[in-house]
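Everything on this sheet refers to the single structure shown next.
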C-alpha cells in the first residue's frame with residue numbers, strides 16, 4: 001500500500017490502496033497531554049502534532065472498500081497515532097483510536113524514570129454518514145487512560161467515493177447550534193369564582209361555587225413538551241347536568257373547551273358524598289395532536305357527609321391523570337341532598353384547618369409570653385418591697 005502526506009495550509013493525511021486510489025483522508029490539529037514519572041516525582045507533558053507528521057506505510061485500505069481501514073500517523077521520536085475505521089450500510093466510524101508514545105523521547109519526556117513505549121486506546125465519538133465527510137471545528141477530547149488527546153478543526157472521511165473529500169458533510173454535535181428552549185406563556189391570573197347548580201324539576205341536586213383552572217401537559221408540533229394553565233372563564237361558559245339517586249353530573253362547555261364534566265357519587269354505607277370522576281375534552285391548536293382528552297372515574301375528592309357541604313378557601317389541586325390536573329379555588333360544593341338554594345352545614349378542608357392553626361399557635365405563644373412577663377414583673381415588684389415595714 002502507498003501512503004503520503006500532502007502539505008498545505010493544513011496537513012492532509014491520505015491512505016491509498018495499491019492502485020493509488022485514496023480510501024481515507026484526514027485533516028486535523030491535535031494536542032496530547034499526560035503525566036509521567038521522573039526521579040523528582042510526577043511531571044506533566046504537553047505536546048502537539050507537528051507539521052512533519054507522516055502516514056506510515058503500514059496504513060491500509062479495507063478489502064474492496066468494504067472491510068476495516070486503518071490510518072497510522074507517526075511523528076517525533078517514535079510516537080504513533082492510529083485510527084481504525086469500520087462501516088455498515090449507512091455509516092462509518094472510528095472504531096478504535098490508539099496512541100503509542102515513546103518515553104525515550106527526551107524532547108517530550110525529559111528525565112523519564114522508565115523508557116520504552118506505552119500504548120493507550122479509546123473509542124472516540126467520530127461517526128458520519130457514508131459518502132459524507134465528518135466535520136468538527138470545535139475541540140473535542142478523547143481520554144485514553146493517562147493520555148488525553150484534544151482534536152480540533154477536524155475533517156475526516158473513510159471509504160471515499162472519489163479522490164477527495166465529499167461536499168456533503170456530517171457535523172459533530174458540538175458544532176450544532178444549541179436548541180432554543182421554548183418559553184411557556186405566563187401563567188394566567190387566578191380564575192374568577194362563579195356559582196353553578198344542577199336541578200331536576202323543582203329539586204336541586206348540586207350547588208357549587210368555585211374558580212377552575214386546567215393544568216395540561218402536552219407535546220407541541222415542534223416535539224417540545226410544555227405544561228400550560230387555562231382558566232375556565234365563567235362569562236363564556238355554559239353549564240348543565242343531571243341528577244340520579246347515585247350520581248350527580250355537572251357539565252361545562254365553552255370556546256375551546258368541548259367538555260369538562262364532574263361526577264359526584266355517594267357511598268350509602270358511610271353516608272359520604274365525594275367527587276368521583278372528572279373528564280376533560282379540549283382543543284389545543286399548537287399541539288401535535290390538537291384534540292386533548294383525559295378522564296378518571298376513581299377519584300375521592302371534596303368529601304363530606306350527606307346533607308353537609310364541603311368548603312375550601314385554599315387552592316386545591318386534583319390530579320386527574322399524569323398529563324392533566326385541575327386547580328380549584330374557593331370551592332364550596334354540596335351534592336345530592338340540597339335544601340333549596342342554600343348550602344348545608346360546612347365541613348372545612350384540611351388545608352383551611354391547617355391555615356387556622358398557625359394564627360392560633362402564634363396567638364397562644366404571644367399570650368404565654370405576655371403571661372410570663374407579667375409574672376416576672378409581679379415577682380420582681382414583691383421583692384423590691386422586702387425589708388420595709390409599715391410605720
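Note: Cβ is positioned from N, Cα and C throughout, glycine not excepted.
On a predicted model such as this, the values are computed, not experimentally measured, just so you know.
Among the features that TrEMBL reports, disulfide bond is placed at 136-172 (among others). Here the Cβ of residue 136 (disulfide bond) has 23 other Cβ atoms within 10 Å, regardless of which shown protein chain they belong to.
Positions annotated as disulfide bond by TrEMBL: 205-243 (among others). Around residue 205 (disulfide bond), the same-chain residues six or more apart in sequence whose CB sits under 8 Å from its CB are 198, 199, 241, 243, 248, 335, 336, 338, listed in sequence order.
In sequence order, 310, 311, 312, 314, 316, 331 constitute the residues six or more apart from residue 349 (disulfide bond) in its chain with CB-CB distances below 8 Å. Among the features that TrEMBL reports, disulfide bond is placed at 312-349 (among others).
Taken from TrEMBL, the feature domain 'Lysosome-associated membrane glycoprotein 2-like luminal' applies to 191-338. Secondary structure counts, DSSP: the domain 'Lysosome-associated membrane glycoprotein 2-like luminal' (191-338) has 3 helix, 104 strand, 41 coil.
Annotation source TrEMBL lists domain 'Lysosome-associated membrane glycoprotein 2-like transmembrane' at 358-389.
The transmembrane segment annotation in TrEMBL covers 356-379.
Residue 243 (disulfide bond) counts 19 other C-beta atoms within 10 Å of its own C-beta, drawing on all protein chains shown. Neighbour count (other Cβ atoms within 10 Å of the Cβ, all protein chains): 21 for residue 312 (disulfide bond).
Within 10 Å of the C-beta of residue 172 (disulfide bond) we count 19 further C-beta atoms, all protein chains included.
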